[in-house]
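Chemist: Could you have a look at this structure, given as structure tokens, before my questions?
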């Protein structure tokens, strides 16, 4: 159905964040599926996916992120638009001669076959015009779904290296394809709930849209955000300060988004050399620990690495954005998340720790590893036989597994969240779900949905078919190869993301914070299939990755919706890039393990020590061998954690009933799943990541937004993209030029690079509290 653009040109999104970031106009004739888009996108994505597989096995190592490819692809595309010939090529297609159709043919056959006698040709151009925003966003969508290291590779590597299993290339490929793309089909089936409604904002996409519009559609004459002459903040011409300001704004011209982006990106690029190399203490700014390095409680409360991070400040943007950009997440969500963090980790956790609940005081208050009864990091090898099977006698002689305080709190909140998010979704979004299942529009169309009607939608059966095909591949993987994973377990593994995709999507779309199934996907197979670590790993990889990929695919569908990319182009790009990347990623992994000596060993000469796979192995041994029944069953000190499942189910009820009784009360803004889920990054995140994140969010998302909305609407998301871009590029440059050479021995030796490493040894319990 056509759209009268003149009639709706003044329409815009009801949400100011979207209005500030997303264009409310579209050019349906703008080419998107161009040959140069495929060339740029596939070249960058396949190269980056191969590099990320290599980096995954190395420590330390950077990661090629989609934002970097968005920036690299812009000059690449501009260069191709400048250099490729502007011409249209035609390839004639064969056609039937009219003489081959006898006149005696029935009328309906004649009408059916007669069009085949017309001459047809395929037209294409290597250079259909300037490098445009739709081509650019399709390259970015490829990067989002294709360059990350496949989660299933962890299960494959652990099976080979630690459990001594022979894993074939084709099994690896089939398993990776299944885990990467089952979520693709699931994502498409959720469009009516998570993509089309205007209320599903997806804050991450606003930063990407702002950056794309800054690069492609900057209005040099837009005066928003710049004070007029005579207004507060305007420097009068002739003053000493005017010349600097005048040069910055190019002789009084308003600051444009593009210029603002370039200035801030360059500034953040050079600034990161301070916390990233020259003055590393700025990154871990635990100044109270520096003043009292021998005080154990001070280090526990204010330390960063194994403390609660109450120092509040950090001057490292990569630390501030550990849980997401504070310029992206809405203010109400930031309040929820920080409130939950303060209550659970700065109040409740110290109370539990210093009262020695669950024996917590014998271990670090915050750590990434479980511990044994001797206060040492749990040595999984001591409870395994030579065939890597669980040894019950050795386990009883050695030690149960103990959790640090922050880990114990994280598990407690995860159990509560598992039921809380489902009940909350049913209570607050029940009518939306019901209308969606009836194929009724869940919300009135906004301007972006109206403009998207110009393009044919992807039928639901395309996505349903993809879901069935890739689930069938998972069945083939566990049945053709001996994995000891029953099909019913695989069905259960896919049921989990099916149940949680909408609750997770609702929270992700409104807050920028997603839900992970990591804990549930380990406990369920550990309970149902005890003593089977491979089944535990396959179940976990399939369940966790399906939900993660589904969320990622939905996010990119919304990004295409904002930029007005034809839905079928997004479908094809996502499917093609992810499928080809799987072949590349599995091929690179196979080549590395066939040609690199001592891969994954602690002393590997190229530092290919597989740190992520070691963590995955420990989790598989703990949950697949030791099992959750020993960890949380009756008689375990952590058995009370299971009651959090019941508490979580009832937690949203009082808030829902109150807002039903008093609709205008502030209670209507309370979201219990956001409070519980927002702190799920701990560990490895610490308090300094949350406090600094909240402080920056308070400045931008509350103060500036409230006092100068015009400036905020024009520059807030540009600032987020610029700080992210400059920091990412600087981090990669620092790694390859200053850290990678000489195996990291090239360093600046001075107080600012080692003061944060001084800490107090707890000799009585044998562990360390780092500042």
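Using N, Cα and C of the backbone, Cβ positions are placed for all residues, glycine too.
Annotations in TrEMBL come from automatic prediction, not curation.
So TrEMBL says this about it:
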- 37-57: transmembrane segment (TRANSMEM)
- 63-84: transmembrane segment (TRANSMEM)
- 169-190: transmembrane segment (TRANSMEM)
- 260-288: transmembrane segment (TRANSMEM)
- 329-354: transmembrane segment (TRANSMEM)
- 408-431: transmembrane segment (TRANSMEM)
- 461-481: transmembrane segment (TRANSMEM)
- 487-509: transmembrane segment (TRANSMEM)
- 640-658: transmembrane segment (TRANSMEM)
- 678-703: transmembrane segment (TRANSMEM)
- 715-738: transmembrane segment (TRANSMEM)
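How buried are these features, and what lies next to them?
Modeler: Remote same-chain residues near the transmembrane segment (37-57) are listed as 63-64, 69, 72-73, 76-77, 80, 135, 138-139, 142-143, 146-149, 153, 157, 573, 576-577, 580-581, 584-585, 588-589, 592, 599-600, 608-610, 612-613 (criterion: CB distance under 8 Å, separation of at least six residues from the stretch ends).
A Cβ distance under 8 Å defines the sequence-distant neighbours of the transmembrane segment (63-84), meaning residues of its chain 6+ beyond its ends; these are 36-37, 39-41, 44-45, 48, 51-52, 55, 126-127, 129-131, 135-136, 139-140, 143-144, 147, 208, 211-212, 215, 721, 724-725, 728-729, 732.
Panel annotation: around the transmembrane segment (260-288), residues 211, 214, 248, 298, 302-305, 307, 309-311, 313-319, 688, 715, 718-719, 721-723, 725-727, 729-731, 733-734, 738-739, 747-748, 751-753, 755-756, 771 of the same chain, lying at least six beyond its termini, place a Cβ under 8 Å from a Cβ of the stretch.
Counting only same-chain residues 6+ beyond the ends of the transmembrane segment (461-481), those with a CB under 8 A from a CB of the stretch are 168, 171, 174-175, 177-179, 181-182, 184-189, 487, 490, 494, 538, 542, 571, 575.
Within the same chain, residues 284-286, 304-305, 307-314, 319-324, 326-327, 329-331, 333-334, 336-338, 340-341, 344-346, 366-368, 404, 406-407, 409-410, 413-414, 417, 511, 513, 515-516, 712, 716, 719 sit at least 6 positions outside the transmembrane segment (678-703) and bring their C-beta atoms closer than 8 Å to a C-beta of that stretch.
With a cut-off of 8 Å between Cβ atoms, the residues of this chain six or more beyond the transmembrane segment (715-738) that come close are 20-21, 60-62, 64-65, 67-68, 71, 206-211, 214, 225, 257, 260-273, 276-277, 317-318, 321, 325, 327-328, 700-701, 704-705, 746.
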Chemist: Give me the stretch from 169-190, 329-354, 640-658 with the greatest number of Cβ pairs under 8 Å to the transmembrane segment (487-509).
Modeler: 169-190
